[in-house]
């Protein structure tokens with residue numbers, strides 16, 4: 001997931017474009033950017049604020065995977081008392097269409113469930129701070145290779161699945177006992193170990209709440225399939241504080 005900022009350029013395809021409705025009457029383009037910038041580089045924001053009708057907007061990302069994350073993370077988001085409606089335009093794709101991007105594809109998934117693309121190359125992570133989200137964990141573990149699934153649980157543990165076994169092995173060797181930083185700036189040293197026989201509890205009772213309310217938006221637990229691989233080396237940490245004026 002790349003950095004924020006609006007990049008003006010030629011229009012892309014509908015996979016990168018999302019619809020944002022139920023906006024407050026005094027909404028500005030900059031406010032919309034503040035709500036969505038953390039999901040990735042924004043190519044364009046087209047705010048429609050016609051007199052006599054409620055405002056709405058189209059936001060276009062550089063990467064279709066960032067658009068998918070924005071739909072999942074911000075649909076139903078409470079912005080100054082307005083519950084945002086965020087979806088792909090009806091002329092484009094639907095949110096239930098494939099399980100990810102990056103050339104990997106994937107099986108269809110439910111809107112609120114993780115993608116069906118899974119891997120046996122799984123590690124268990126412990127010692128996560130309370131504000132650590134699946135996206136924070138995924139970003140941290142990408143230093144080892146291509147992550148196809150990540151999730152976090154209430155007890156400070158998480159699971160990460162890699163596309164390749166060698167990346168899983170590398171993650172245990174290089175990321176065990178490293179400093180983890182959440183999007184809220186909390187830090188902790190985490191432990192990374194190869195998972196044993198799969199526990200049926202993962203992904204159910206121990207999963208963090210998927211509440212989409214303003215004060216729990218960090219807990220949206222959904223993984224997009226396949227992630228671009230970063231070069232191996234020392235992990236990079238960049239806390240992502242939301243600049244939205246809708247704060248807790």
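Note: Cβ is positioned from N, Cα and C throughout, glycine not excepted.
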Notebook entry, point to check: Under Swiss-Prot, which of the candidate ranges 41-87, 88-134 is annotated region 'Disordered'?
Noted result: 88-134
Next item on the list: Tally the residues of the domain 'RRM 1' (16-91) by DSSP class, grouping H, G and I as helix, E and B as strand, and everything else as coil.
Entry: 23 helix, 25 strand, 28 coil
Next item on the list: Check the recorded positions 30, 38, 179 for other C-beta atoms within 10 angstroms of each C-beta and report the one with the most.
Entry: 38
Next item on the list: Mind tallying the domain 'RRM 2' (121-195) by DSSP state, helix then strand then coil?
Entry: 22 helix, 29 strand, 24 coil
